[in-house]
Amino acid sequence: MKREYVLAIAIVVLAIIVNFINSNFLSFRTIRTILENFAVFLPTIIGTALVIISGQIDLSVGSVLAVCAITSAQLARAGIPYPLVVFWSLGVGFFLGVINGWLTIKFKLPAMIVTLATMSIWRGFILWWTKGYWITDVPTIWRFFGDTMLMKLPLSVWISIIIAIIMMVLIRKKPFFRYIYAVGSNRSATQFWGISNVKVTFWVLALNGLMAGASAILSASRYFFIPSNIGTGLELTAIASVVVGGVRITGGRGSLEGAILGSLLLTTVSSSLVFLGIDAIWDDAFKGSIILLTVVIDSLLFSKSKEGML
């Protein structure tokens with residue numbers, strides 16, 4: 001059975017079980033909250049999926065999101081028109097992604113090492129900029145994507161759905177996205193096929209920065225304040241979602257549909273803990289355990305499939 005079907009069934013079964021224990025779980029209000037929590041970070045999940053499929057790992061997405069959200073909120077407070085604030089967030093995210101890509105290809109380092117460093121740099125910048133204080137007194141327009149409703153769902157949910165659909169179409173239609181799979185599968189062989197590993201690595205990291213900029217606006221638009229630690233732990237959540245969704249951690253295999261469903265499953269798990277009365281401090285422990293279990297199972301299945309081919 002395809003991973004996507006397994007994930008969809010798991011989400012439904014989990015929801016039914018939790019609702020049996022707490023009948024409020026499947027209320028419209030709860031479902032809307034789950035969808036909103038899931039949707040605002042969906043662009044980052046998609047970007048992270050493409051990075052991992054290419055054989056790299058980006059650990060800086062949470063810090064990039066923080067830079068985009070904090071600086072955008074400051075601009076909004078200063079009276080800058082909201083459309084320009086949105087473009088600023090996207091532009092800053094893309095620029096920081098470009099820096100990650102340039103450092104990775106310039107010094108021929110794994111993206112994981114580069115982004116581990118830039119993660120600390122961007123986070124340190126935010127702490128210096130805010131002095132650890134939250135950004136408050138943002139204008140009402142700041143919550144445009146979070147407050148505006150379309151068919152009883154926030155506009156942020158619909159924007160994320162549109163982004164997901166566009167990316168799923170592009171991944172099937174544009175050769176560049178097929179190159180991402182090729183590079184992730186065998187970086188050495190792609191050179192003989194005329195595919196530039198350097199360009200693929202650069203652009204997937206730049207694209208992930210852009211996606212983090214989009215998530216910054218969507219996630220921060222839910223509040224009238226932006227905490228200085230916004231985005232902390234997003235790296236773990238993104239990687240967990242992608243791996244649970246069937247993207248091989250070593251690259252070359254996976255689908256955006258699987259990554260999206262993996263994210264929805266983990267969001268449902270997080271909400272389930274609340275309704276089951278389990279302390280939220282266990283959330284990261286659950287996610288880490290799910291990553292480990294999924295990687296081990298995938299590794300065992302991959303080894304068996306290779307043995308079957310011999």
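For all residues, glycine too, the Cβ spot is worked out from N, Cα and C.
Just so you know, TrEMBL annotations are computer predictions that nobody has curated.
These come from TrEMBL:
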- 6-26: transmembrane segment (TRANSMEM)
- 38-57: transmembrane segment (TRANSMEM)
- 80-102: transmembrane segment (TRANSMEM)
- 109-129: transmembrane segment (TRANSMEM)
- 149-171: transmembrane segment (TRANSMEM)
- 192-218: transmembrane segment (TRANSMEM)
- 224-247: transmembrane segment (TRANSMEM)
- 259-278: transmembrane segment (TRANSMEM)
Leading stretch by Cβ pairs under 8 Å, where the reference is the transmembrane segment (192-218) and the options are 80-102, 109-129, 149-171, 224-247: 80-102
When counting Cβ pairs under 8 Å to the transmembrane segment (38-57), the leader among 6-26, 80-102, 109-129: 109-129
